[in-house]
């Protein structure tokens, strides 16, 4: 709002506003206040730039020749004496003293505020190539091949042992089935009574699994009684040939049994 008065060269209003802003900045606690202070700084900088451009200085222009003369005088050269002896053959072409540039170099740092130079720490050490790390040799291919061959062998042994356990369990169940059938051949054996363990659901699932091998191999058969419930009985040796001949007529059945039905 007071832009014109601030641009006046005889007005100190801009300085007063800057001092007031510095005083108010000590109480800034919110981001919005800091943003307003930054906005004010931009406006004040623009006004200061315009005010500086309107200033007219009466200083003389820079004279490079006069500056060179003063510089030579400072370095110890008397131009008047040199001009008087220009015609002399004894005056060398290079009339600057040996210490001329050293003298001006020692004087120049007083007028320049320069940050100290820095160097990389790596320059303080000898630049030698890094030592190569020794590679840790891994197992030879031959030994690795033995390990790879050992794994399938172990799996085969596990499968073989599991298969043996399954075969033994199937044989045991077949003996139980034959014993029950021989003791009372006229009473049908209920399939569910035969496979269900009333105390353990997991054992029931295992029994169903093992009995399925008896049916698959033709050692036992399942049929429906008068109530449409499955019954199981062993296959007589005399029926084996007939069962093999009728293998095409066999049917597969999927049994769904959850814990609620098992209970």
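Backbone N, Cα and C atoms are what each Cβ position is placed from, and that goes for glycine too.
TrEMBL assigns the feature region 'Disordered' to residues 129-166, out of the candidate ranges 129-166, 167-204, 205-242. Counting residue by residue with DSSP, the domain 'Non-structural maintenance of chromosome element 4 C-terminal' (188-263) contains 37 helix, 12 strand, 27 coil.
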